[in-house]
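Asker: Got a structure for you, questions after.
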Amino acid sequence: MISLNQSSMLGCGQTKALLRLRRRSLEAAPRAELVVRCSGVARRGSVAMENASESNGAAAAAAAASVVDTKSAVGGGVQDVYGEDRATEEQHVTPWAVSVASGYSLLRDPHHNKGLAFSEKERDAHYLRGLLPPAVVNQDLQEKKLMHSLRQYKVPLQRYMALMDLQERNERLFYKLLVDNVEELLPVVYTPTVGEACQKYGAIFRRPQGLFISLKEKGKILEVLRNWPEKRIQVIVVTDGERILGLGDLGCQGMGIPVGKLSLYTALGGLRPSACLPITIDVGTNNEQLLKDEFYIGLRQRRATGQEYLELLDEFMAAVKQNYGEKVLIQFEDFANHNAFELLERYSRSHLVFNDDIQGTASVVLAGVVAALKLVGGTLAEHTFLFLGAGEAGTGIAELIALEMSKQTKAPLEESRKKIWLVDSKGLIVDSRKESLQHFKKPWAHEHEPVKNLLDAVKAIKPTVLIGSSGVGRTFTQEVVEAMASFNEKPLILALSNPTSQSECTAEQAYTWSKGRAIFASGSPFDPVEYEGKVFVPGQANNAYIFPGFGLGLVMCGAIRVHDDMLLAASEALAQQVTQEHYDKGLIYPPFTNIRKISAHIAAKVAAKAYELGLASHLPRPENLVEFAESCMYSPLYRSYR
């Protein structure tokens with residue numbers, strides 16, 4: 001068969017004849033959509049298209065019609081106006097069946113390129129002879145070679161750049177590397193390396209990996225969204241770059257965070273890469289160093305605030321719903337405290353929104369605390385919690401713990417909150433400070449005399465659980481850890497701030513200062529620690545445990561809103577994955593090696609809760625949600641092309 005790309009070499013009359021011939025072959029599949037390659041970027045086709053191209057008979061038409069009936073609702077649920085329900089499906093296509101790429105352009109298409117893994121038949125069929133060396137290798141050997149190359153780099157940022165280049169060259173190989181070597185590569189594509197990548201994003205920027213929406217696009221955001229080649233978007237991760245990890249305002253260079261998060265949505269949660277869209281909202285930056293940096297790629301102005309900022313966000317949220325439908329998940333990422341809470345509150349009733357810093361962090365920490373109860377004993381309500389940091393992460397975790405405590409004891413939420421104390425930059429949050437507190441801190445202002453620093457707060461409150469979400473490194477000092485160990489047999493210490501340099505204490509410090517009695521987990525990874533002949537393996541309270549499976553659960557059931565009970569369900573599912581073998585090593589989180597299995601269980605629990613609450617639109621409910629979640633997951637294995 002001659003491809004459309006090749007048709008450009010034919011005369012006008014020959015080209016028209018070719019198109020008529022192809023049109024007749026597609027008439028047998030009236031539901032199939034014709035997808036054309038534009039500017040070298042493939043737009044995915046459907047199963048029906050592939051079936052139609054294989055046969056011109058009535059059987060192909062029936063197969064095409066059975067894939068989706070756009071005139072009726074999906075299984076009795078909400079009508080699939082935007083193709084959202086079919087977006088979960090793997091898109092079984094061959095390059096020439098949809099965009100008919102061949103030859104050199106096929107090798108430059110990351111969605112379909114297989115490099116040396118193209119078979120002899122594929123090389124003949126798709127005009128690749130001479131464009132590749134004669135050797136034919138399989139995907140496993142390609143993976144082995146690339147991992148060997150990556151391990152030669154001594155600088156983590158070099159590994160990051162090499163992986164980003166691979167993603168732009170061969171998408172499936174990139175995700176196979178990530179899935180098969182998740183524990184080794186997670187710190188490269190995510191924290192802590194992604195933090196350095198964001199700081200230097202302007203200098204290392206090579207090609208766009210998402211959409212940049214700035215104040216210049218105000219009034220035209222819908223047009224900007226339509227510039228993105230993929231139309232069936234399931235998940236958007238969006239940031240305005242004002243609070244990137246613990247690094248502060250990085251402006252437009254915060255794009256590294258949405259790109260990294262969505263890589264994990266695919267690798268760990270199984271969402272298709274083409275269904276994920278990274279977006280940066282550029283309203284300027286207050287980072288003077290960036291404004292003076294000649295390599296800075298964003299708007300060179302101070303941050304827009306107030307009405308101008310909200311108008312841009314309102315237009316963005318409306319455009320997303322108009323372009324992608326009701327069921328696209330919008331994940332807010334690394335917004336500053338003053339905007340994070342307001343935006344979540346503003347849009348949670350009208351959109352499917354999720355803030356990973358507030359809700360995702362809360363869910364993963366609650367899971368760790370629940371799992372740790374098997375080591376320290378007692379119920380959630382029998383423990384006292386002290387937080388260092390009262391921003392979006394700290395208050396989000398505190399609220400979810402209080403919700404779970406209230407659910408278990410049937411006590412009012414206000415009573416459960418009294419077991420949780422927070423310390424901010426001015427000291428312990430107490431009732432006498434209430435008038436000057438930000439609104440999200442006020443529920444945590446309890447009756448107590450003022451306390452100015454963390455050490456005095458630890459001695460006064462005597463918590464059993466100490467949680468750091470301050471973004472300030474080395475704040476869990478030796479005196480603080482020793483105080484925790486003085487009145488707890490097994491103090492639970494969670495140093496959650498990212499990246500590693502901002503962690504409240506290291507794993508070695510926690511184990512050494514507590515004389516090996518602490519149960520420790522951190523936000524960024526730490527190596528195992530040997531203390532007095534015993535090896536301690538620190539856990540990682542990484543949001544990557546939660547958000548990929550959580551997002552998959554929302555997408556696969558067609559959820560229309562996020563409810564707090566879904567977050568509790570995700571925490572419960574994660575805690576259940578911790579086995580006795582893990583407890584024996586002092587772990588309160590399972591290893592990442594089984595993350596796809598973990599994500600499937602989390603997705604199933606989240607979807608079950610959505611169905612229970614009446615927030616799911618994909619009906620009827622699948623009988624086995626775990627199996628259904630696994631069946632929805634994207635596979636990075638190569639497919640054979642005809």
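Glycine is no exception: its Cβ is also placed from the backbone N, Cα and C atoms.
Those TrEMBL annotations? Automatic predictions, nothing curated.
Annotated active site, proton acceptor per TrEMBL: LYS261, in sequence order. What TrEMBL records for ARG243, ASN498, ASN542 is (S)-malate binding site. Taken from TrEMBL, the feature divalent metal cation binding site applies to GLU333, ASP334, ASP357. Taken from TrEMBL, the feature domain 'Malic enzyme N-terminal' covers 167-348. According to TrEMBL, the domain 'Malic enzyme NAD-binding' annotation covers 358-611.
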Asker: Please give me the CB contact count at 10 A for LYS261 (active site, proton acceptor), counting all chains in the structure.
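Answerer: So the Cβ neighbour count for LYS261 (active site, proton acceptor) comes to 27.
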Asker: Starting from the Cβ of GLU333 (divalent metal cation binding site), draw a 10 Å sphere and report how many other Cβ atoms land inside it.
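Answerer: I count 27 other Cβ atoms within 10 Å of it.
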Asker: Restricting to the same chain and to sequence separations of six or more, state which residues have a Cβ under 8 Å from that of ARG243 ((S)-malate binding site).
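Answerer: Same-chain residues close to ARG243 ((S)-malate binding site) (Cβ under 8 Å, separated by 6 or more) are ASP249, ASP334, PHE335, ALA336, ASN337, ALA340.
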Asker: Give the residue from the binding-site residues ASP334, ASP357 that has the most other Cβ atoms within 10 Å of its Cβ, counting over every protein chain displayed.
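Answerer: Result for the most crowded candidate: ASP334.
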Asker: Would you mind sorting out which of GLU333, ASP357, ASN498, ASN542 (the binding-site residues) have a C-alpha within 10 A of the one on LYS261 (active site, proton acceptor)?
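Answerer: Taking GLU333, ASP357, ASN498, ASN542 one by one, the ones whose Cα falls within 10 Å of LYS261 (active site, proton acceptor) are GLU333.
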Asker: With (S)-malate as the bound species and ARG243, ASN498, ASN542 as its recorded binding residues, calculate the greatest Cα-Cα distance and give it in Å as a whole number.
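Answerer: So the maximum pairwise Cα distance among the (S)-malate binders is 18 Å.
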Asker: Measuring CB to CB from ASN498 ((S)-malate binding site), give everything in the same chain under 8 Å that is also at least six residues away in sequence.
Answerer: THR191, PRO192, GLY195, LEU245, GLY246, GLY523, SER524
Asker: State the count of C-beta atoms found within 10 angstroms of the C-beta of ASN542 ((S)-malate binding site), not counting that atom itself.
Answerer: 26
Asker: So what's the average pLDDT for the domain 'Malic enzyme NAD-binding' (358-611)?
Answerer: 95
Asker: If you measure GLU333 (divalent metal cation binding site) to ASN542 ((S)-malate binding site) at Cα, how many Å is it?
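Answerer: One finds 15 Å between the Cα atoms of these residues.
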Asker: Using the Cβ centroid of GLU333, ASP334, ASP357 as the reference point for the divalent metal cation site, which residues of the same chain not in that list have Cβ within 8 Å?
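Answerer: So the extra residues in range turn out to be THR239, ARG243, ILE244, ILE257, PHE332, PHE335, ALA340, ASN355, ASP356.
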Asker: If you measure ASP357 (divalent metal cation binding site) to ASN542 ((S)-malate binding site) at Cα, how many Å is it?
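Answerer: Answer for this pair: 11 Å between alpha carbons.
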